[in-house]
Amino acid sequence: MSSNTDAEIQLLQSIKEKAAAAGTQNSAASTSGSSSDSKITRESSAFSRREITNDVPIVSSAYSEVKEAPAWVKKDTPVDKYDKYGSRPAVSTSSGPSRVSRPESESTDNKYSKYISRAAEPSTRVKRSREEFEREEPDPREYGNSRIEQEKDDDGGAAIPYSNLDVSNQSYDHRTLQSREYYTFQSHISNKEERDINSIVRTHYNQRAVHSKRQVRKNSPIIKMRNFNNAIKYMLLGNYSKREQGVDRPFTFLDLCCGKGGDLNKCQFLEIDQYIGIDISDVSVKEAFQRYSQKKVRFRSAYGQKPRKDELRYDFEACFATGDCFSKTIPELLEPNFPGIIDKTFPVDTVSIQFSLHYAFETEDKVRTILTNVSRSLRPGGKFIGTIPSSDFIRKKIVTKNYLPDDRGKKKFGNSLYSVTFDKEPPEDGVFRPPFGNKYNYSLKDAIDDVPEYVVPFETLRAMCEDVGMELKLKKNFIDIFNQEIPKYFSKLSKHLIEGMKRSDGKYGAEGEEKEAVGFYIGFVFEKLGS
């Protein structure tokens, strides 16, 4: 039994040894194959992991041959321009610069681009170059077609909501656009023939207000004429707009058809206490308010002395309203937004209407409404001061038949700066009967683009002012006003304004075609009667 047992044990050991030997060979073969595969993989990955791995993101590397540009140099699809804060770029772990070439369309001179996500996309950057800004902004010559015509007001006009104005976007840099080539203003008013005068005028001046913010005023082709007209207004207002003597009450100035607030500086010159501006153009009123707000007076420390007011800023109070003063009363326009203003600030010392009264002469009712507004707003002795086209000038052009050729066969006069085109055949004697509704289209280069206006027969204006208790004090054309008043005002007006009226002969005033264009206007002053 012992012999059998020993034989069985030897047999079992032999079987185990053979099995162990077979397992060792298989293990060796397996180890050899795995080592070979690992070697191949390492050799492949040494050239490029991207060739065998699809789920690994592309990483810029100085040693890899990249077939696709990294995400941070790609030009993405444009996004909303207010989406300035893109996600942070992934930080590359590679050492050394990438050999990846930028696309030809990509700018290579922006040294900050590698730190900004989607650096090539202009609209995602907080601070953008002038060239990129200009590429995005509409050409001023195309502005009317691109945006203004997209917004319609209640009358079918193209009034722009405040939310679309540049003045409501404090990050908008107007100086950028103003550095470009100057483009003269041209309005874009659709269906003009079907609109009433209010809609046309409102739309025109809305567009004009937006356009002017994109231009440098001194580059205007009529800058000398603008300066001349401003000097005339300084002279008229300076001579006749006065504080009431012997009465302790604020010096108040009512600016009807105030536009963009172009006479705010003149009110500071007059040292008024309270300004009220009303205009039919909502965009112009918004611009006037912003102009006032930006220059509202601040007080400077004098280190122990009495505080001094900044002479370059406005130290009067002001309020602004949008409305048609030719069809509504002043209380109707002001009281809804400024309750109690009539009782607190009226009557006023001066009412001013500059280059606008002629629009009222469409109808007798409009003229009576505006003159009633003026008279009821003024204190006794207060002044009504304005500028209008001269009916005498128009009559002379008609009588002498001093007309220009017109493609439509209509009667037209003027020069390269301005033109007057009559809607109907004018009377041969130049006297319009009846005195209302005598329309012509007026154009002034870079200012008024073929807008309907109405002849203002001055004797009719005088008679209607007398009907509401106002007496004529002055009627004079611009050239005569300037020649008479410039010696007095030469030292009072700013050097910039004076130098802006310098003629080719070294003297000051208007010359050539500008002289005829400014000669189209007169200034007037009426005084409110009573005690």
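Here the Cβ of each residue, glycine as well, is placed from N, Cα and C on the backbone.
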Of CYS257, CYS465, which one shares the S-adenosyl-L-methionine site with LYS233, ASP279, ASP324, GLN354, TYR359 in Swiss-Prot?
CYS257
Going by C-alpha distance, which of the binding-site residues CYS257, ASP279, ASP324, GLN354, TYR359 is nearest to ASN229 (mRNA binding site)?
GLN354
Quick one: Cα separation, ASN230 (mRNA binding site) versus GLN354 (S-adenosyl-L-methionine binding site), in Å?
10
Which chain-mates of LYS233 (S-adenosyl-L-methionine binding site) that are at least 6 residues away have a CB under 8 A from its CB, listed by sequence?
ASP263, LYS266, GLN354, THR387
Compare all C-alpha positions of LYS233, CYS257, ASP279, ASP324, GLN354, TYR359, the record's S-adenosyl-L-methionine binders, and send over the largest distance in angstrom.
23
Which one of these binding-site residues, ASP279, ASP324, has the sparsest Cβ neighbourhood, judged by other Cβ atoms within 10 angstroms?
ASP324
Quick one: of ASN229, ASN230, which of the binding-site residues has the smallest count of other CB atoms within 10 A?
ASN230
